[in-house]
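Under the heading active site, proton acceptor, Swiss-Prot lists Tyr22, citing sequence analysis as support. Taken from Swiss-Prot, the feature active site, proton donor applies to His102. According to Swiss-Prot, the feature substrate binding site maps to Asn76, His82, Asp89, Leu103, Thr104, Arg113, an assignment based on sequence analysis. The site 'Transition state stabilizer' annotation in Swiss-Prot covers Arg17.
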Amino acid sequence: MKILVIQGPNLNMLGHRDPRLYGMVTLDQIHEIMQTFVKQGNLDVELEFFQTNFEGEIIDKIQESVGSDYEGIIINPGAFSHTSIAIADAIMLAGKPVIEVHLTNIQAREEFRKNSYTGAACGGVIMGFGPLGYNMALMAMVNILAEMKAFQEAQQNNPNNPINNQK
């Protein structure tokens, strides 16, 4: 299975940006940790990473995933979580599972950070666990996709399914 990981604005500055909140781990290290998690778990997963500081590029990347071989999206939209209805709309039209990740617990931060338009459009939100949150999202995504596949196979093999009885 192929999973797209989208990283939003300022995440390229992890390791330098407010270490008290975000720690010293860089974005590249987070991606390496995710790849190691895939290998150690013998998961049949291919990850593609994309980072941008531009809202439109995030929307473009989500739209490019429509009809592609990406089965799911893990996204940290950064500050766009609190402002971007356009990214939320793109998430809703993606037609695949999307999980939002935040390194910090946005509910415990400034009032303006507590609302997440994008999180409301996602199947789930993982926040406050630092870099571990990405592996948590990855684990959830793998399970969601496996359940979806099992359900589809069960539907295809069900002799009572009217679609299977068409001639």
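Using N, Cα and C of the backbone, Cβ positions are placed for all residues, glycine too.
Structural mapping of features recorded in Swiss-Prot.
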residue : record                             : CB count, 10 Å
Arg17   : site 'Transition state stabilizer' : 12
Tyr22   : active site, proton acceptor       : 18
Asn76   : substrate binding site             : 26
His82   : substrate binding site             : 17
Asp89   : substrate binding site             : 15
His102  : active site, proton donor          : 22
Leu103  : substrate binding site             : 23
Thr104  : substrate binding site             : 17
Arg113  : substrate binding site             : 16
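Among the recorded positions listed (Arg17, Tyr22, Asn76, Asp89, Arg113), Asn76 has its Cα nearest to the Cα of His102 (active site, proton donor). On the backbone, the CA of Asn76 (substrate binding site) and the CA of Arg17 (site 'Transition state stabilizer') stand 16 Å apart.
Rounded to a whole number, the C-alpha distance linking Thr104 (substrate binding site) with Arg17 (site 'Transition state stabilizer') is 13 angstrom. Arg17 (site 'Transition state stabilizer') sits 19 Å from His82 (substrate binding site), counting Cα to Cα. Taking the Cα of Tyr22 (active site, proton acceptor) as the reference point, the closest of the binding-site residues His82, Asp89, Leu103, Arg113 is Leu103. In the three-state DSSP classification, Thr104 (substrate binding site) falls within coil.
Secondary structure from DSSP puts His82 (substrate binding site) in a helix.
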